[in-house]
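Please read the structure below before turning to the comments.
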Amino acid sequence: MKHLHRFFSSDASGGIILIIAAILAMMMANSGATSGWYHDFLETPVQLRVGSLEINKNMLLWINDALMAVFFLLVGLEVKRELMQGSLASLRQAAFPVIAAIGGMIVPALLYLAFNYADPITREGWAIPAATDIAFALGVLALLGSRVPLALKIFLMALAIIDDLGAIIIIALFYTNDLSMASLGVAAVAIAVLAVLNLCGVRRTGVYILVGVVLWTAVLKSGVHATLAGVIVGFFIPLKEKHGRSPAKRLEHVLHPWVAYLILPLFAFANAGVSLQGVTLDGLTSILPLGIIAGLLIGKPLGISLFCWLALRLKLAHLPEGTTYQQIMAVGILCGIGFTMSIFIASLAFGSVDPELINWAKLGILVGSISSAVIGYSWLRVRLRPSV
């Protein structure tokens, strides 16, 4: 029990469970004995009915639309906390990770488009390598233990949170189709109710969650991706402490283990099961997976390093205390771990077009993410001196 408690207390535990879930999915999807069961599980229909309102989706879509909304609720809470009290609370603190994140989104997207611009279908996946899997990246960094300067951990977390915020904006602007104005109207009313609750100082988290369920349903029916409802709810839950208690921090504390040890691993299990049948070197080096691999493995560190260098040269920001530029470059490589966020965007980009494209995209994401994890970890291990 002591070893189990030590494992779950480690920052690396969430990343390790993610890896196990992804490997298990790959094994089951490629085994004759279990592939049928794996796909049957994902296609299991689940129906929710309240009066005349009916939501009928398969298990995969419930995981991607409902459970991931809880993940984005946690992201919303984290972003709000960092903006108001944490590493993004002042312009001086926020400048370096914000500039790094912008470079880490622009350059991978441009590199992907360099491979895929001529194809109007695969071009839609330009945002896939712009994402970073915060849990996976922090998990890999945690494997290095106490050698990692606290400032470097905070930099990676701030960068990844801004990256997540960028991904949310991208999803809202570029991966939303066929809008239902009636449902958007209901969503607008729900958001207004959340704002009133916040302004009136209501601190009962359950009330916000209840309105959040209405908002999630309306957003789902509107054509906008339902996970955005989670972020909106997270922004409205009060952060300010009263009698030593903060509703937002308390909910963040409650949600974190559920997201790290259940929701993200379940998402990885449901989405990482790519069949390798028929996969060839020619296929893996075709424009879609190659663009993703190049974006994650080259574009991410290049964009982050280049924009950080420009920020330092132009005196727009300064290095976090106790870190070196070489360490920042290594963190840039770790940000190439797109994994769950990249898979999520790939499912939005190609889900209604061609399932085969999603498979090739997932292969590119897995190769790019694993390569980034191994290279980033190795580089940091060399660059960080053991603590005495």
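Cβ from N, Cα, C; glycine included.
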Inset, instruction - Compare the topological domain names that Swiss-Prot gives for ASP119 and for GLU356, and report whether both residues sit on the same side of the membrane. - result: yes
Inset, instruction - Using DSSP, break the topological domain 'Cytoplasmic' (237-253) down into helix, strand and coil residues and give each count. - result: 7 helix, 2 strand, 8 coil
Inset, instruction - Kindly say whether the transmembrane segment (97-116) and the transmembrane segment (155-176) touch, using the definition of 3 or more Cβ pairs under 8 Å where each pair is 6 or more positions apart. - result: yes
Inset, instruction - Report yes or no: does the transmembrane segment (224-236) come within contact of the transmembrane segment (181-200), defined as 3 or more CB pairs under 8 Å with a sequence separation of 6 or more? - result: yes
Legend entry - Cβ contacts under 8 Å made by the transmembrane segment (287-310) with residues that lie 6+ beyond its boundaries: 96, 99-116, 119, 122, 125, 128-130, 132, 159, 316-317, 325, 328-329, 331-333, 335-338, 342, 357, 360-361, 363-365, 367-369, 371-372, 375
